[in-house]
Every structure is written in structure tokens, then in C-alpha cells.
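Straight from Swiss-Prot, the features:
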BINDING   G65, P66, T67, A68, S69, G70, K71, S72  ATP binding site
BINDING   T67, A68, S69, G70, K71, S72  substrate binding site
REGION    90-93  region 'Interaction with substrate tRNA'
SITE      T156  site 'Interaction with substrate tRNA'
REGION    214-218  region 'Interaction with substrate tRNA'
Amino acid sequence: MLACNDDTSLYLLVKQVTKKEIYSNDLENGNVKRGASTHSLYLIGDPKFCRNNSSKQKSIIILCGPTASGKSYLGHELAKAYNGEIINIDSMQVYKEIPIITASPPKSYKTEILYHLYNFLSMTEDFSVIKYLKLATEKIKEITDRGKLPILIGGTGLYINSLVFGYNNIPDISEDLQAQVRNLHVKIGNIELWGKLEKFDPLAASKINQNDTQRLIRAYEVFMQTGKSIFSFQTLPKEQILSDFNCKIIFLNPERKFLYKTCDERLDKIFKEGAIDEIALIKKQFAPKDYTNLKAVGIKEILAYLNGNLTLDEALNAAQIRTRQYAKRQVTWFKNQIQDKITLEYANQEEFTQTLKNSFKTI
């Protein structure tokens, strides 16, 4: 096993098993392409992946990609190989009530590697990207102080963008004000709250859809707390989180046909392995205001099934369609927004898994 610390270069790869050479420009660009004669995945030992031994920077990996692309498996294997610990960067996997519908890492993984910021928060608690970033920063420091490698895994673009490019440090909202605004929202609903926001902060109202409950409440809270538009904070210098780290971003980009297949299979598995009971329990224990705005794909469809508006097959089919649409949007976002990344392309999960295992045998 290879430990990773300030003085250790990371090299992912290792084994080339096709007859076709990987093109030199792919190596230069830090990309991994499939050879013409096979669909195997290659992880390349790119010297750019980490700085050389003279670097004083600590290393960090961000492993991103669409849902159902194999991030959890690859991240777990990397953590085992490079003495790492894993930090969640998925906005829905923070909630402890929905580990099944969000496909959180299995318990077996957590017995081998330390996992952080998964399933720790009640969905009734207020949470924001700023709160996430503060927690993630603390975990990154704790992990590097132990001489280990932080590996951040997820597909939430807002969180990843804020980690990589910095964030606008909006003042904390008091708990009393949060409670007041949420009670107001329950009483008057989205449209009237949006109307109030328009009076106080027309700029925010012009940019926020009336149906976007989370952003609407957030903008109203910020104005009530600060007297300023939430968008005014975007003109200030951004707080940087990873500027002291040698950060490498690995983007998993399966072929679309295969990605859609894995999306469908994941939803089918989730529905069969407890997601229905998970959402039924939430429906029983919590008020609708606590769960109707959760964005995890499948919750809306299962609620429709539980309310008698869809059959189980219809709910599953609707969830699969929405998952494929979400995965497509994620791929587009990562391609366009994150430029400096290592892209891994593959067309078959079995070959991806086997090649990965073969690669780590040679380290």
C-alpha cells in the first residue's frame, strides 16, 4: 500500500492491456481515452497528477461525475491504495434519513475506510453550501494533519464549484430568523413570499423562480439578516479553500448509453432494496414541508406512488427517466465548468472494475 503525504507523488496507473497505444496528446492533456481495439479503462501515471517530491503542498483529490458512474467504487479503491479518507460532496447524501434513495456508500465500505459528512444531518435542520464548505474545510485539515489523503467524492456542481473556485462568504443567518422565515413560508407559501422578496430585493426576485423554494427562502433570509441582496455578495472577493493544496480533479465520463443503463439499474436496485419503506417512514414521521423539497431523484416519484397517484412501475419508470436527465445535465456541467481535470472515459462497468483491480496490483 502506498501512503500519500506532502512528499509523495501520486501515480494512478499502471497497466496498458491493448495493442493500441494511447495517443501522446491524450497523455499531455491529462485525459484517458479508450483504445480503438477495446473498451478497457486506463488510469494513467501522469506526472502532472501530483507535484514532485520537492513540493510543500499537500495533495487532495476531487472525484466527480454523473450519478451511477462508479465514483464510490473508484474512490474507495483509491482511498485503500493511497492511505486516504473520503469526504462527501453530494448535497443529498448529508441527510441521515435517506441513505438508500441517495445511494450512500454501504456499511461495508465504512468498515475499511473513514467516511466523512455522510448521513449525519436531519433533513429538518437548515443546511447550506456555506455550512458544507466550513465542515469540509475542517475535515480536510483533520485528514491532512493525520498524514492522509483527502478524497472528495460527489456530483453536486455548486459544492464542487465553490470548493475549486472559492465562494462568497455570506454572513450566517441567526437560528431565530431562520425559524421565523420558515414559519412565514409555511403560512403564506412560495408566491406570496416571492412577492415580499420582490419588494425588498427586486434583483434577487428577478433571478429566482417562484417555485425554487430553497433559493427563495435563502434570499429572503439573507436580506432580512443583512439588509443587502444575496447577489451583492457576489461582487466581493471569493474565499479560497484549496489554494494551499495540490488539487487534482478526476472526472468519470461513461459513454452515454452505458451511463443510462447504470442509472436504470441503480434505480431498480434502490426501489427493491428499501427505498419505498424509507420514504414511507419519512412520510409518516415528518411534515410535508420537511421532505417535499428534497431534490434526490426518486423521492417525488415514490411519494406519488404512496399517495396512489402512480403505480409502482410508473413511479420507477418516471424516476429512471428523471435520473437519466439529471445525469446528462451533470455531464454537461462538468465538461463545461471544470477545465483542468483528468477525464476517464469507459463503456463497460465490468471492464472498468477489472482493469482497476489489475492496475492496483502493480503498485
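Note that Cβ sites are derived from N, Cα and C of the backbone, with glycine treated the same way.
Distribution of Swiss-Prot features across the structure.
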residue : record                                 : Cβ within 10 Å
G65     : ATP binding site                       : 24
P66     : ATP binding site                       : 27
T67     : ATP binding site                       : 22
A68     : ATP binding site                       : 26
S69     : ATP binding site                       : 27
G70     : ATP binding site                       : 21
K71     : ATP binding site                       : 22
S72     : ATP binding site                       : 21
T156    : site 'Interaction with substrate tRNA' : 20
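Nearest by CA distance to T156 (site 'Interaction with substrate tRNA'), out of the binding-site residues P66, S69, K71, is P66. Sequence-ordered, the extra residues of this chain that approach the ATP site, with Cβ no more than 8 Å from the Cβ center of G65, P66, T67, A68, S69, G70, K71, S72, are G155, L252, P254, T262. The average pLDDT for the region 'Interaction with substrate tRNA' (90-93) in the predicted structure is 96. Note: the substrate site is recorded as T67, A68, S69, G70, K71, S72; in the same chain, G65, P66, Y73, G155, L252, T262 also have Cβ atoms within 8 Å of that site's Cβ centroid.
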